[in-house]
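Asks: Quick one: the structure is below, questions incoming.
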Amino acid sequence: MQKALRLLQVLERVYSGSKEWIAYEMSEIKDAYEEEMKAKAKVGDSPVLWRMITTPHVLKALMIGCAIQLFQQLSGVNTIMYYTGQIIQSAGVKDKHLTIWISLGISTANVLGTLIPLTLVERFGRRVLLLISVGMTFVTLVLMGVAFLLINKDSPDAIPLTVINGTHHYLKNCIEMSYCLPLNLEDTTDVSALGPCSYGYNTSAFTFVHSFCVTRYTVMPIILMVVYLGFFSMGFAPLTWVLNAEFYPLWARGVGCSLSTSFNWIGDLIIALTFLTLSQAVTKYGAFFIYAGFTLIAFVFIFFLVPETKGLPIEEVELLFMPKKSRRRTRSVLRAQEALKLRNIKKDTVAPMSTISTVS
C-alpha cells in the first residue's frame with residue numbers, strides 16, 4: 001500500500017494534479033499488470049525463452065536485438081579501448097607518458113559522445129541517430145585503416161636476414177680486434193681514435209625501436225580514434241541498449257535483454273582475443289578494414305530490419321515485428337480499446353485509491 005501511495009504522489013507531480021491523466025496512467029498500469037499475469041498463467045511452468053522462440057514476432061525482435069548487440073562489438077570499439085596505448089605507440093609515439101595522456105584524451109571523447117543522444121534521440125528518433133552513428137563509424141574505420149596503411153608504407157624497410165647476419169659478423173670481428181678494447185679498463189671511454197669502434201661513433205642520439213616506426217603520419221590515427229569514439233558513442237553505443245529495452249513485451253523483456261547482452265559480451269570476447277593475432281596476420285590496417293566490413297554489414301542490417309520506436313507505447317512497438325496484416329488488425333483493436341478507455345475515464349468520477357488497491 002505504501003508503494004501505491006508513493007506512485008500516486010509521483011503521478012500527481014508529473015501530471016500537475018490532473019485527475020483524468022492520473023486515472024489514465026493508473027489504468028495503463030493496471031492493464032499492463034493484468035496482461036503480465038495472463039501471460040504468466042498461459043506459459044505456466046514452461047520457460048519464457050521457449051515461449052519467445054515459439055512466438056514469431058517476439059523471436060524476430062529477439063534476433064534483431066541480439067544481432068545489433070553483436071555488431072556493436074564487431075565494429076572493434078573495445079579494440080580501441082583495450083589497446084589504445086599499443087595503437088598509439090604503433091602510430092609512432094615513443095614517449096610513454098605522452099601515450100598515457102593521449103589515451104586519456106581519447107577516452108574523454110568517448111564519455112562526451114554519450115551526452116549527445118540525450119538531446120537528439122527524441123528529436124530525430126532512434127533509427128536515424130543509429131544509422132548516422134554506424135555510417136560515420138564505418139567511415140572512420142576505413143580512414144584508420146588507410147592511416148595505418150600510409151604508416152606502413154612510410155616506415156623504413158625491413159632489413160633482410162642476410163644483412164643482419166653480415167652485421168653480426170662485422171660486430172664480432174670488431175670486438176675481437178684489440179683496438180676496440182679500452183686502453184684503460186677503469187675508463188671505458190678511452191678507446192681507439194680510429195677504426196669502426198672508435199670514439200667518434202656516438203650512439204647516444206639513437207633510440208632502440210621495438211614497438212613503433214618513425215613516420216610522418218603519427219597524428220592521423222590519433223585524431224581518427226577520437227572521431228571514431230565520438231561518432232560511436234553518440235548512437236551505436238547507447239541505442240543498442242535502448243532499442244533492446246523497447247523491443248520486447250513485458251513478459252519477455254528480462255530474458256530478451258539478458259540474452260542480447262550475452263551476445264554483446266560474446267562479441268567483446270571475440271574482438272579482445274583476436275586483435276593481436278589479427279594484427280600480426282593481416283597487419284593493423286587489415287584489422288581495421290575487417291572491422292569496417294562488419295560495420296558496413298551492420299549499417300545495411302539496421303537500414304532494412306531495425307524499426308523506429310520513437311513515440312510508440314510498448315504495445316505498438318511489439319506490433320512492428322508482426323506481418324503487415326496482423327499488425328493492422330491488432331493496431332485497430334488496440335486503438336479501439338484505447339478510445340473506449342478514454343471515454344470511460346472522462347465519464348466516471350476519478351477514484352485513484354480504488355484503482356491503486358486493485359493493482360497492488
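Any Cβ shown, glycine's included, is placed from N, Cα and C.
In TrEMBL, annotation is done automatically, which means it is predicted and not curated.
Checked TrEMBL, it gives:
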- 1-310: domain 'Major facilitator superfamily (MFS) profile' (DOMAIN)
- 61-83: transmembrane segment (TRANSMEM)
- 98-121: transmembrane segment (TRANSMEM)
- 128-151: transmembrane segment (TRANSMEM)
- 222-243: transmembrane segment (TRANSMEM)
- 263-282: transmembrane segment (TRANSMEM)
- 288-306: transmembrane segment (TRANSMEM)
Asks: If I count Cβ-Cβ pairs under 8 A between the transmembrane segment (222-243) and each of 61-83, 98-121, 128-151, 263-282, 288-306, which range comes out on top?
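Replies: Highest pair count goes to 98-121.
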Asks: Pairs 6 or more apart in sequence, C-beta under 8 angstroms, 3 or more of them: is that satisfied by the transmembrane segment (263-282) and the transmembrane segment (98-121)?
Replies: no
